[in-house]
């Protein structure tokens, strides 16, 4: 019949240990008590084969019992025989195959004996006695012998695990996993498909194999699981990105293998005889209280019977120990599954997981390293769970299987065989710590006390059906279970002085650390809450596994290797940090949800669970203290920690600590022993400081303050004899001083703070002081200006400093530079306008938190202001336009502002009314001298008061009718005046009325005499501009802004060195903050960064250097001079374009340009003090006129420098279009007469025109008679064509100097053409030159020649008016006048 044996180990002090219990069964309904058999040594391991077994006793001795067919012996289990040949080998592991045996020595040598028909013993013949099997790695040179640490045997194969975590196999069958077709394999060969992977444990079924492998990190999957080609060491299952998300296979009860056995809990049985329909089948049956997670289960079934099977892993709700029995009632039943198992129902809510709330597929655990590693005294048994980086068992594992799969024992969802190892995808991430294999089924145990089973279920060995089970009676504290064939063995520990019971109780407590059953309604909320227990759950899972390993080899381990003793600080820190990780919001929701839950759950008690765990540690250590003294220090630490954490938990439960409920937050240090207090704290105050890895928390009674470490600066306070050990803490919104109790405590906190801050900032955390400047994010709470604003950017010693972004909850946004906690420098700002439901935007300069400097402000109303600000108000030069969105009116103002109001000179263009005002302002009103132009070309001059014109003024219509007299009430004529007609008639008297509607006149009409010439004084043309603002008083604000940018308080009042430094800083800042600059612009800015030699005297040699510098400076608006030039051009165009394009404004426009030159030259002379006064002479002039510079003129042997020669080439090309338009309008009447004569005279041929102009024949080209017609013999097709083409270029030049150069070159070309016709030296006289040059002017056909002449006359340098160029210009002007007076004869 069936027999069951038990080996009971006594305490270490007892010499008589190893009690064997044997009992027989007369049937399934009858149970007998076992008999005790005394063995000489305590048994450490049992391994059972098909009809035999092996015992490993203390001291490394091996015993055999059962049917030893290779020796023709039958040994009763009550009297096992020792393996004499293994004496002295110090065996540490035994393994029993179907009909052969294996042993592993302490040195890593393998010994095999028994049946060898398939080569499973690694020999070539029958092996009755243990023989060594040498595992040699031939891939290295020279070959080396491999050290083996684990051994497993099947029926026809054997597997060995090396110290390098590589797998070796020998024997026969596909279960070897070798790439070969030749069997048997007599010598151990490496399983190449698992090469490169970290194998932890192996197990052998009858004809299949299992391996527990450390899971690769995700990045390794991406590189090794390439779909194109599988190389050595690859995983054949899907890559991480292709994996389907699996639901956790839940169990309704946790599963501690323990001492208390209860009867079977029956679940639903899903029976299906259709082999093609796969349905998961589960049953419930458990052993409660058994305190070991380690198990070795070998259930063998006869292959000839047709039994139930499951081809995918099914998680048992409880673990069942059942004896295999051929049951007729089970024959023919099939229970298999090819799909992933998903458990349904309420069992899902009570599943224990070491990582609550996370998917079981790929658990993202993070193991924090620990400095304390467990002692290696006593050694680890083969197959023990692999240790992680922190010294605790490794839980990130996966299972690989290969061999026969006809019963689904491979777990891949089918019944196919696998020739090479394949990963069981559904168990990846389930934290499997142990695998075992029966003949045709497989088992896996996880760190969460779950057992997965799959394969043959013929005798109910999977626990999926309600099969009869013989339940053994309680037999003490079980450490491992083993079964094989029709036998079962249980190893138990004898409890002496409570030592074993204390360890078993602690291990059982760890496995029972389950979340309470809250009911389906609030399960989701609870698991969200449990996310904060990630590290704590990991620690508990690892601790439970480590205790199992300890109990499995309790005789070979030292009590000092208990994790509670080797990792005391790690346990304390973990519980401290996790006790501070609760979420009050979810707690409230749980409380509401729990009212409708079916179970009675006390949520507050649930939150005390970590503290209860600490108390359980203390109780366990107190029991151990009765046996050993080594635990007292750790006991004290844990006891104090469990007591200390009571107050933090109550504190956390007393207020909503949203800032603390982060799952990855960890405690670095705290001040519960009053080691750190604020300076000047009250005697009875209670302060508690907690340093997390990302924040410093200060609690006082029911209040708390959280200081993020990214925005925290700490520095020691120098002791000044007060005896205080202080630290200065600086935060964005407050600073305070902390006083430590001792210098050591001060250094500890200073080091911890610096290390933690440095670590969170991305440094190495080596204890060095973190940088004072850093980049971080912070949300203000108390600051008046930045309340509730979120800042991201640069910091300096607790203040925002540098570039950053500030966002307010109401929509305000600032992005730019900060300085000392305030906006300072260039920045962009968005300000919402609630009334218009739009936003104001500003781009420009800031100073001390206010808009200050030059910028562009776009209002929500559509208005746009671009100009200067001072303390948040428009102040200085600025331009305000109504914008494109204006509906009622469109206007532009450009001029001076004072304290947000128009004050000073300005131009207001009322586009809607077609009127332009150019004059003085005061407090947003027109006040002072002004000129007004209307779209009907009516010209007004006068004085304004409070927005109305009154007093003496001038009015002129488009036909030159002029009124000069008194005005009242905004251009209403009332009083004395003189009205002058275009023909010279005048009316003098009293006037009243409006110009547009008619005037009433009482006065005298005067008509000039026929002989009397027109009097400009009388017609008022000479009076234009007498009421206008003088040109030198206009745009003073623009020049003031330029002086301000140079660092001067007023014009010329400032340090020249400071001015050049400001220029260099401005250029450098612009180059760095403008990434969209073109290559040429960047090159210009780089040149301008260098400060020229401005102090040296200016001579003719270095004058060109100044001119070139000014040319480059005026090319970019980033330079103060370039900005000045660009702004003057903008103001000029705004004044004289559009309605302002009126010929009456020509004189004012010319005077304004000359005023620009005067002011501009003053700025240039300030920067280059070596320049002489306007119109003065430079020393060291060139020796010949040909060496004269482009913009300076030689008079004899001296060089004259003037503002016009230096600055007009820079200014006039930009002002030319509006200025030349005014000249054209002014000369329109004369231009008409000139052009009519040009067209008429050019109809004549060359000879006729030369004769008409009375050009002497000696200057005519050569002619000859050809067939009665005179033909020109000169080399050119027309007369003097070179001079004509040169003169035509005068319209393409902008400055008077360039136009004069064109005139000069035209005379030179004319002289060159005439010289070949004459002999000897030739000198021009005006009688000869004038008719000839008149011919050139006529043929040149220059349009608007009168405007060109007027521009040159007004703008030419006065130094050359009486020189050669002046004479040539006078000749051209005379030609223009002569052409107007020519008559056709």
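Cβ coordinates are placed from backbone N, Cα and C, and glycine is handled just like the others.
The compositional bias 'Polar residues' annotation in TrEMBL covers 333-361.
Annotation comment: TrEMBL describes 374-385 as compositional bias 'Low complexity'.
For the domain 'PH' (725-758), the model's pLDDT averages out at 89. The feature domain 'PH' is assigned by TrEMBL to 725-758.
For 1243-1385, the entry in TrEMBL reads domain 'VPS9'.
Annotation source TrEMBL lists region 'Disordered' at 220-243 (among others).
Residues or ranges marked as region 'Disordered' by TrEMBL: 333-388 (among others).
Note on the repeat 'RCC1' (60-107): DSSP counts are 6 helix, 25 strand, 17 coil. Residues or ranges marked as repeat 'RCC1' in TrEMBL: 60-107 (among others).
The DSSP breakdown of the repeat 'RCC1' (108-164) into helical (H, G, I), extended (E, B) and coil residues amounts to 0 helix, 28 strand, 29 coil. What TrEMBL records for 108-164 (among others) is repeat 'RCC1'.
Look at TrEMBL and you will find 165-215 (among others) tagged as repeat 'RCC1'.
TrEMBL lists 397-448 (among others) with the feature repeat 'RCC1'.
Residues annotated as repeat 'RCC1' in TrEMBL: 449-494 (among others).
Each residue of the repeat 'RCC1' (397-448) gets a DSSP state, and the totals for helix, strand and coil are 3 helix, 25 strand, 24 coil.
For the repeat 'RCC1' (165-215), the DSSP-based tally of helix, strand and coil residues reads 6 helix, 24 strand, 21 coil. Residue counts for the domain 'PH' (725-758) under DSSP, split into helix (H, G, I), strand (E, B) and coil, are 16 helix, 12 strand, 6 coil.
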